[in-house]
Amino acid sequence: MTSSDPQSHNVFVYGSILEPAVAAVILDRTADTVPAVLHGYHRYKLKGLPYPCIVSSDSGKVNGKVITGVSDAELNNFDVIEGNDYERVTVEVVRMDNSEKVKVETYVWVNKDDPRMYGEWDFEEWRVVHAEKFVETFRKMLEWNKNPNGKSMEEAVGSLLSSGD
């Protein structure tokens, strides 16, 4: 590898991006994933929204997957999708296949005291109800990011994925 080669990133996902079709839209390829656990965080549902968030929690742990080999351009796509409500941070996860500790990027909810946070988010429940809409919406968001045509993201994409919780 030369210094001009693009840097590769690892991204820990724990919500809608666990769905292979959703990850494929963001990456424009099939994701290479490894199951992992993030200690020191808790995953919550968000009232009125169909996606979860994580915030720091001393006794918490979040199961998810590490997407490996993420390029700078793909990482930018994650940033676009996650928007301003999440902050990208570097954390350490434990791979479930070999117990190796790995540094990864993940997205933490900015408002750690958000009153909309509650309960446990359920991936299978989400998948049945929301997966197809997320694929369509994320595709529109990334198309808008490449060519906004003078429109705001909301104008181009429509209202983002409310759940009616």
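A Cβ is built for glycine as well, from the same backbone N, Cα and C atoms used for every other residue.
Annotated features in Swiss-Prot:
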BINDING   TYR14, GLY15, SER16, ILE17, LEU18, GLU19  substrate binding site
ACT_SITE  GLU82  active site, proton acceptor
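The two recorded residues, LEU18 (substrate binding site) and GLU82 (active site, proton acceptor), show a Cα separation of 14 Å. The Cβ of GLU82 (active site, proton acceptor) has 19 other Cβ atoms within 10 Å, all protein chains considered. For the binding-site residues TYR14, SER16, ILE17, GLU19, the largest tally of other C-beta atoms within 10 A is found at ILE17. Comparing Cβ neighbour counts within 10 Å across the binding-site residues GLY15, LEU18, the minimum falls on LEU18. Here the residue listed as 'active site, proton acceptor' is positioned 11 angstrom away from GLY15 (substrate binding site), judged by their C-alpha atoms.
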